[in-house]
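One structure is given below, encoded as structure tokens.
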Ligand code: AP5
Ligand code: MG
């Protein structure tokens with residue numbers, strides 16, 4: 001099954017992706033995670049992306065589209081993929097449609113997680129992420145068993161550079177102007193499911209499972 005996860009920053013895309021890939025045989029493709037890995041490894045792509053990410057702006061379309069087109073040409077995605085954080089502009093969505101057509105693939109479902117702005121800020125500012133395996137926590141809503149330590153690998157948790165309140169506000173306004181129009185784009189394509197993201201993490205996942213059905 002091929003799925004797109006849509007939603008504003010802090011909506012819970014990454015959190016739900018962790019559960020979806022466990023239950024469905026899909027490969028998680030997060031453009032944000034790919035950029036963060038490149039920043040950590042100090043690659044040329046990472047250096048370019050960091051300039052935009054630190055300000056809460058989108059990385060230019062041409063860099064992202066090429067990266068995703070390349071990822072979707074790899075063998076493992078044939079079992080199904082979950083796009084998290086892509087597409088984020090109408091241009092990216094149109095380019096994705098072309099890539100899918102070329103590779104004889106289609107999107108089965110677009111999952112749109114809806115959360116109000118004030119809740120998003122609280123979520124992003126309280127988020128903590130494992131430096132090693134990327135598991136996501138929240139200081140109040142989803143705390144690790146031991147403060148500051150990953151439950152899975154015992155390594156330190158850290159705060160993302162773009163999770164300062166001012167940067168989160170910028171990211172939300174970028175979302176409203178450039179990404180929200182995708183809801184209409186996919187509503188026209190007829191395969192979108194709007195999910196209430198303001199429930200407990202497990203309840204959100206139940207709603208997503210109902211939308212995805214038992215299809216694998
Ligand atoms: P990206 O990494 O994609 O970030 P984002 O879209 O801003 O989303 P987040 O990862 O912040 O939030 P999320 O929805 O995954 O929430 P999470 O599950 O972590 O992008 C970062 C940057 O990279 C962009 O700003 C841009 O510069 C660049 N970029 C990436 N893709 C790009 C593209 N396609 N084009 C151009 N630029 C691109 O949850 C958040 C917190 O809330 C966590 O602490 C979690 O524990 C908690 N939480 C989750 N669900 C719940 C719940 N139901 N109740 C209570 N708490 C919850
Ligand atoms: Mg994320």
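Heads up, residue numbers simply count up from 1 along the chain you see.
Using N, Cα and C of the backbone, Cβ positions are placed for all residues, glycine too.
TrEMBL annotations: computationally assigned, not manually curated.
Features of the protein shown, as given by TrEMBL:
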BINDING   10, 11, 12, 13, 14, 15, 127, 136, 137, 199  ATP binding site
BINDING   31, 36, 57, 58, 59, 85, 86, 87, 88, 92, 160, 171  AMP binding site
DOMAIN    127-162  domain 'Adenylate kinase active site lid'
REGION    30-59  region 'NMP'
REGION    126-163  region 'LID'
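When the binding-site residues 57, 59, 86, 88, 160 are ranked by how far their Cα is from the Cα of residue 127 (ATP binding site), 160 comes first. Site extent for ATP: among the recorded binding residues 10, 11, 12, 13, 14, 15, 127, 136, 137, 199, the largest C-alpha separation is 17 Å. Taking Cβ-Cβ distances under 8 Å and a sequence gap of 6 or more within the same chain, the neighbours of residue 31 (AMP binding site) are 59, 64, 67, 68, 84, 85, 86, 88. Whole-number maximum of the Cα to Cα distances across the AMP-binding residues 31, 36, 57, 58, 59, 85, 86, 87, 88, 92, 160, 171: 25 angstrom.
For residue 57 (AMP binding site), the nearest neighbour among the binding-site residues 10, 12, 14, 137, judged by Cα separation, is 10. The binding-site residues in question are 10, 12, 14, and the one with the fewest Cβ neighbours inside 10 Å is 14. When the neighbouring Cβ atoms lying within 10 Å are counted for each of the binding-site residues (88, 160), the highest count belongs to 88. Residue counts for the region 'NMP' (30-59) under DSSP, split into helix (H, G, I), strand (E, B) and coil, are 20 helix, 1 strand, 9 coil. Applying an 8 A CB threshold to same-chain residues 6+ apart, the list for residue 137 (ATP binding site) reads 127, 128, 129, 130, 143, 144, 150, 157. Residue 12 (ATP binding site) and residue 160 (AMP binding site) are 15 Å apart (CA-CA, integer value). Under the three-state DSSP scheme, residue 14 (ATP binding site) falls in the helix class. Under DSSP, residue 127 (ATP binding site) is assigned to a strand (E or B) in the three-state scheme. Its own atom aside, the Cβ of residue 86 (AMP binding site) has 22 Cβ atoms within 10 angstroms in the protein chains shown. In this view, the densest Cβ surroundings among the binding-site residues 59, 127 belong to 127, judged by other Cβ atoms lying within 10 Å.
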